[in-house]
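Here's what TrEMBL has on this protein:
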ACT_SITE  THR169  active site, nucleophile
BINDING   ARG197, VAL198, GLY199, ASP200, THR220, GLY221, HIS222, GLY223  substrate binding site
Amino acid sequence: LGRMKPVIVVHGGAGRIFKEREEGCCAGVVRAALRGYSVLKQGGSAVDAVEEAVRSMEDDPHFNAGCGSVLNEKGEVEMDAIIMDGKNLDSGAVSAVKCIANPIKLARLVMEKTKHMLLTDHGAHLFAQAMGIPEVPGEKLITERSRERWKKNLEPDSNPEEFQKDLGTVGAVAIDSEGNVACATSTGGLSNKLIGRVGDTACIGSGGYADNHSGATSTTGHGESIMKVVLARLILYHMEQGMSPEVAADTALDYMKTRVGGLGGVIVVNKAGEWAARFSTKQMSWATVKDDNLHYGIYAGEKHTKSVDEALASEREGF
């Protein structure tokens, strides 16, 4: 069996990334990609790699996932996450979970320890307790930035839609040396959303999809629009019709824009290990590692390249 060269691609959310946060978002996706890649290099599975990459971004307050999640109308954090294994189409997801640091870990446990695919709210909380997942006080996940934004959006003349553009769902896709693919996506959702709102992230085929027969994808952007076109599955469908990851991604994003007026971004890897990071928003932070080379960017057409060794060295010096 020809060994595949492992590949990981991550995104830190599509939208508008404010100038003062660009560096932090960039460093965050690079760190996540390097962590996921080191899992793959040590012979870890694609599922292990995407979980590790997403966990790294959940722990980073620059992103709208885990610590740093946006607040719902009541000022609380409610998070969604999904993980999927392309080998057998197993998937696990959680929605509207509170008071845990890493929803992606819980999603993985749903996939591996239950016969179900999606647990929500109170049930997910009970399952987390049963699995011994430590509870963190809700305030621990709330950053000053999220609280400020929540307050601003409560003002009578505010337009939360304006702020939605700065989204920041996080995700990862990978192919391992065995040729198995996987995806993982995690988010705090929309700022000032209704209590109990679940977006695309927890929904298989919308927030992510992975199938060894075609590839894997993770999405970000306006959740309701993504759900309307089942964006992740649509991209894989286009690849099954023979499109490259880049063309499949652009075609699906274009359809979402013309059909329902929705903007977003996607990362894709196909079964041959070809990858793409594409978006219809102004920006999306992304990073990928393939052949021991790291590529990353935030703006359309932007692509920086470093060797992994060089990147790991500057990582140790604090980027």
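Using N, Cα and C of the backbone, Cβ positions are placed for all residues, glycine too.
TrEMBL labels come from automatic prediction, so no person has curated them.
Rounded to a whole value, the Cα-Cα separation of GLY199 (substrate binding site) and THR169 (active site, nucleophile) is 11 Å. Each of the binding-site residues ARG197, HIS222 was scored by the other Cβ atoms within 10 Å of its Cβ; the lowest score goes to ARG197. Considering only the binding-site residues ARG197, VAL198, GLY221, the residues lying within 10 A of the residue listed as 'active site, nucleophile' on a C-alpha to C-alpha basis are GLY221. The number of other CB atoms found within 10 A of the CB of VAL198 (substrate binding site), across every protein chain shown, is 21. Across the residues annotated as binding substrate (ARG197, VAL198, GLY199, ASP200, THR220, GLY221, HIS222, GLY223), the two Cα atoms farthest apart lie 16 Å from each other.
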